């Protein structure tokens with residue numbers, strides 16, 4: 001979880017067992033259990049997955065109760081671990097993306113998470129098939145109309161408090177609240193009710209990376225037992241619910257799930273992150289109509305006062321205009337004010353330098369400016385643009401692809417606002433999956449595969465995947481008319 005989240009929680013003396021001993025099943029036992037789990041999932045009619053912090057540790061997010069967990073170190077009086085990357089740039093793990101594939105094929109019916117890292121939602125699990133019991137550090141909600149806002153930055157508060165932003169739904173405008181629970185907060189019925197419903201319907205509740213200690217959430221999986229369902233637990237530590245489980249696996253979640261997906265002959269999809277930003281150009285004509293006073297801002301789609309966490313700085317230059325001075329914007333808000341002749345068109349080049357955790361180091365965008373010509377306004381199909389960007393990013397195994405999804409003019413403020421989408425991360429899991437399988441295999445894994453998938457399985461492995469390059473050079477790819 002986020003170190004910031006842990007620090008924001010109210011202090012309580014008893015957080016349960018910490019510093020728990022980790023257990024690892026012997027390799028031959030682990031392989032047998034993975035086979036057993038794969039068969040159970042293949043036969044399942046209503047699979048529900050219940051997740052905890054253990055599925056996010058491979059994303060660089062520390063857990064709470066493990067040997068190096070946040071609460072373990074706090075109790076021992078030791079310094080908290082350094083985050084390997086900014087919390088807002090964490091990418092889903094192999095396990096997160098495997099769940100996405102299981103959901104798309106109709107096997108996985110519902111996901112219940114105790115995590116606040118937002119990685120299930122970011123990975124692609126549909127919101128209506130996800131219960132985030134303890135909230136989401138990147139989500140704000142309107143208490144009046146219920147509209148949810150999934151941010152690219154960590155919301156500044158926890159404990160269901162008001163934030164600094166307001167609902168943008170027409171005729172609402174209510175101040176938003178964070179969604180992350182503090183210790184004394186009750187589980188929200190909006191999340192708890194569907195979670196309980198699906199656990200009662202489940203023939204399998206698969207618990208991944210959770211010590212099953214936090215009540216009342218930890219009791220949800222057991223509701224499957226009353227209807228004849230089974231509970232499976234995959235965790236490195238022993239849990240209070242182990243005796244109720246039909247199968248307990250002591251191993252890393254990624255390794256177990258990689259083995260299961262291989263046995264089911266299913267491929268783990270790549271993760272492609274797309275971020276949004278706006279280029280805002282505000283203009284004011286001088287009294288003699290010879291000059292234009294204009295302001296350029298590289299802004300967040302979540303409001304011009306919101307931070308852009310994935311952009312470190314912006315370099316502004318002008319093509320073929322030596323009389324226009326270049327500038328470097330290294331403090332937010334990224335804003336540049338200038339005065340130029342009204343009748344002279346020019347072209348700006350914006351070099352966006354991205355922050356740590358992005359696969360791209362920078363991106364250059366050309367912005368033609370002609371104050372005498374009115375701007376065309378349009379709104380493209382965002383889902384279509386996003387899919388084209390994802391397809392191109394996966395094909396090329398690098399990020400930087402970008403496209404315009406909206407352009408509008410605000411007459412009252414004399415401003416043009418252009419919204420861009422850009423691929424900032426591409427993660428392929430083929431190498432990670434292969435390493436996990438290699439550590440499991442002693443030469444007989446493929447032989448046992450047929451007993452799980454069968455010769456007549458309709459699920460086929462998708463055609464190969466490409467390798468991912470980290471911090472690669474940026475490529476602006478033409479995808480249709482407005483994909484730059």
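A Cβ is built for glycine as well, from the same backbone N, Cα and C atoms used for every other residue.
Since we're looking at a predicted model, the values are computed, not measured.
Now, the feature entries from TrEMBL:
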- 27-267: domain 'Deacetylase sirtuin-type' (DOMAIN)
- 134: active site, proton acceptor (ACT_SITE)
- 142, 145, 167, 172: Zn(2+) binding site (BINDING)
- 448-469: region 'Disordered' (REGION)
- 458-469: compositional bias 'Basic residues' (COMPBIAS)
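Taking the Cα atom of each, residue 142 (Zn(2+) binding site) and the residue listed as 'active site, proton acceptor' are about 17 angstrom apart. Residue 145 (Zn(2+) binding site) sits 21 Å from the residue listed as 'active site, proton acceptor', taking the CA atoms of both as reference points. Fewest other C-beta atoms within 10 Å: among the binding-site residues 142, 167, 172, that description fits 172. Other residues of the same chain near the Zn(2+) site, with their Cβ within 8 Å of the Cβ centroid of 142, 145, 167, 172, are 143, 144, 146, 147, 166, 168, 169, 173, 174, 176. For the pair residue 172 (Zn(2+) binding site) and the residue listed as 'active site, proton acceptor', the C-alpha distance works out to 26 angstrom. Rounded to a whole number, the C-alpha distance linking the residue listed as 'active site, proton acceptor' with residue 167 (Zn(2+) binding site) is 22 angstrom. Cβ neighbour count for residue 145 (Zn(2+) binding site) (all protein chains, 10 Å cutoff from its Cβ): 13. Confidence for the domain 'Deacetylase sirtuin-type' (27-267), expressed as mean pLDDT, is 93.
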